[in-house]
Amino acid sequence: MLQFDQVSKSYPGGFVALDRISFRLEKGEMAFLTGHSGAGKSTLLKLISLIERPSAGRVLINDIELSRIKRSQIPFVRRDVGIIFQNHRLLMNHTVFDNVALPLVIEGFTGKEMVKRVHAALDKVGLLDKVRCLPATLSGGEQQRVGIARAVVNKPPLLLADEPTGNLDPDLSKDTMRVFEAFNQVGVSVLVATHDLGLVARMKYRTLTLKHGRMINDGLLQYQEPV
Amino acid sequence: MSILFTGRATGAAAKKISLLRRFIMFWLNHARQAVASLGELWRTPSASILTIAVLGVSLTLPATLHLLVKNMQQISSSFTQAAEISLYIREQTPDNQVQSLVAILQADRDISQVIFVSKQQAMTEFQEISGFGAALNYLDSNPLPDVIRVLPKNTAPEAAQLLLKRLSNERIVDFAKLDIDWLTRLNAIVSMLQQAVAIIALLLLSAVLLIVGNTIRLSIMNKKDEIEVMKLVGATDAFIQRPFLYTGVWFGIFGGLLAFLVVELMLWWLQGAISNVTALYQSDFSLMAMSFQEFIGLLIIAVLLGLAGSYLSVRRHISAIEPTGP
Ligand SMILES: Nc1ncnc2c1ncn2[C@@H]1O[C@H](COP(=O)(O)OP(=O)(O)O)[C@@H](O)[C@H]1O
Ligand SMILES: [Mg+2]
C-alpha cells in the first residue's frame, strides 16, 4: 500500500535529511520507524502526508505516485491518512469533542452520525468522560490520545504517528501502543516513528531504522532486553 | 470519493441521502456557519466594533451626498416646470394693441399658454393678497402695469432665454423678465455634485474594501495555527475560507445598518432647520428621506463590499498558509 522508491530529501541549504530510502508497507501491516533524533523520521512522515515533497525518487500510495497529486487534491489525500503529531496540534480553544469531530465536519458529517463516530473514537482511547473539556485542562498523555482519536475518527486506511509516546511515562506509552495495535488488528496500516528503542523491541514488529537519513536496518530489531 | 483508495467511501456523501435532504442540509450548514461567524465577532468585540464603525462612517458620506443630490434635483425640477416669462406692457398702451399681441402670442408655436392680467385685475389681486384692502383705493391712479404671462413650450433654461430675448423686442413690451439665472446655476451645481458624489463614493467604497480586507487578514493571522491544523486533517481552502467570508458579510450588514441609522439621525436633525427655511420661502418643499429601495440598495452594496473585501483577503492569505507538519 505504501511504497518508497529511492527517495531523497534535501532541505533548502543543501542538508540531506533522507538519502535514497526504499521500502514497502503492505496493507494491514504495522511497523516502527526508529533512529536517533535528527535521523529523518519526521521528514519521512511529512513526505507521506504531502507536507514536504521529495527531492528525488517516488513515494506511492496504492500505486499512485504522490508527485502526481495536484495542490487542490492534497486535502483529499490527507483525509485518507490519519496523522498523529508529536506536539498534538489540537485546537486549544475548542472542546475535545470539536477537535475530534473536525475531520468529520470537513467531510460534511452532521448530527447523530457525527456524534456517534466521535464518541466511538473517544471511547477507543478511553476519553469518553472528557468530551466537553478544553485540551488545556488535560494532561499531556490525554492530549496525545485526543490527537489519536482525531486521527482515526474517519477510519483512514493508513495511520501515521510521530513520536506518539514522546512525553509519556512507560505505562502510558505501552497503553498508547496497544491502541495502535488494536487499529492494526482491524486492518489499518500503521507506521509509528519513535526513538523509544526499548518499547519497539518489546513490541516485536517490523522496524525500519534510520541513521543520518540512511536506512540501516529493516526487520525485527536485534536489540534484546536483558533477561 | 477517495483519490488513493478506490472504493473507500468517504464523507457524508457516501451515505445514501435523498437530494432534498442534502439540499436542506446544505442551507442548514450555511446558516449554522453564518451564526458561528456572528458568534466569533461577538467574542472579539473591540476589533469588530471598530471595523463596523469605520465601515458605517465610510458608507454614510456617499449615502448623504446621494440624498443631497436627490433633494436638489427635486428643487430644480419643480422650478424648471414653472419657468414663466412675464411681459410688462408699456404704460398708456391702448387696449386693442395689447389684445392683438395676446392673439399673436397665442398663435406662437414656442408658447404653450398665454395669460393676460390687466392692471385692474392685478390691483384687485394685490388688494386681496396684501391685506391693504380698501387703503389702496386712496391711490390717485393704478400704478401697476398690464402683464402678459407666457409659459414656453420648451422649459429648458436656454430655450426660455431665447424666447425671452425675442419677446422683449415687441414694441409695446416695456421689459420681459425670466428669473432663470439661479436655475441654470442650480442645474450646474447639481450635475457637479453628482460627479463629486460618484468620485467620493468610489474612493470611500474602495476604502471599505481595504478596511474589511485588512481586518480579515488580521483575523486569519490570529488563527494561523488553527488553519494549519485544519489543512493537516484535510480541509480544503474553500472550507477554511467560508467563516471568514461570512464575517465579511456580517461586517457589511452591520456597517450598512449603522450608515442608515446615522443618515436617518442626520435627516431628523436637519428637518427642523429646513422647515424653518422653507416656511420663510412659503414653499411646500419637504426633505426626501431614504426610500425603502435605497435602504435595501445601501445594504446590498455594503454586504457586497464586505464579501468582496474578505474574499480578496482570504484568497491571498489562506492559500499562503502551509502547515509545517508533525
Ligand atoms: N524545514 C527544515 N529545514 C531545514 N532542515 C530541516 C527541516 N526540517 C528538518 N530539518 C533537518 O532535517 C533533519 C531530520 O529532521 P527530522 O526529520 O525532523 O528528524 P527526526 O524526526 O528523526 O528527529 C534534522 O537534522 C533537521 O535539522
Ligand atoms: Mg521528529
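Keep in mind that glycine also has a Cβ here, set from the backbone N, Cα and C atoms.
Automatic, uncurated: that is what TrEMBL annotation is.
As the structure is a computational prediction, the values presented were derived from the model and not from experiment.
Listed in TrEMBL for this protein:
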| type | residues | note |
| --- | --- | --- |
| DOMAIN | B:84-169 | domain 'FtsX extracellular' |
| TRANSMEM | B:192-213 | transmembrane segment |
| DOMAIN | B:199-316 | domain 'ABC3 transporter permease C-terminal' |
| TRANSMEM | B:249-270 | transmembrane segment |
| TRANSMEM | B:290-312 | transmembrane segment |
Helix, strand and coil totals (DSSP H, G, I; E, B; other) for the domain 'FtsX extracellular' (B:84-169): 43 helix, 18 strand, 25 coil
Secondary structure tally of the domain 'ABC3 transporter permease C-terminal' (B:199-316) (DSSP, helix then strand then coil): 102 helix, 0 strand, 16 coil
For the domain 'ABC3 transporter permease C-terminal' (B:199-316), the mean pLDDT of the predicted model: 88
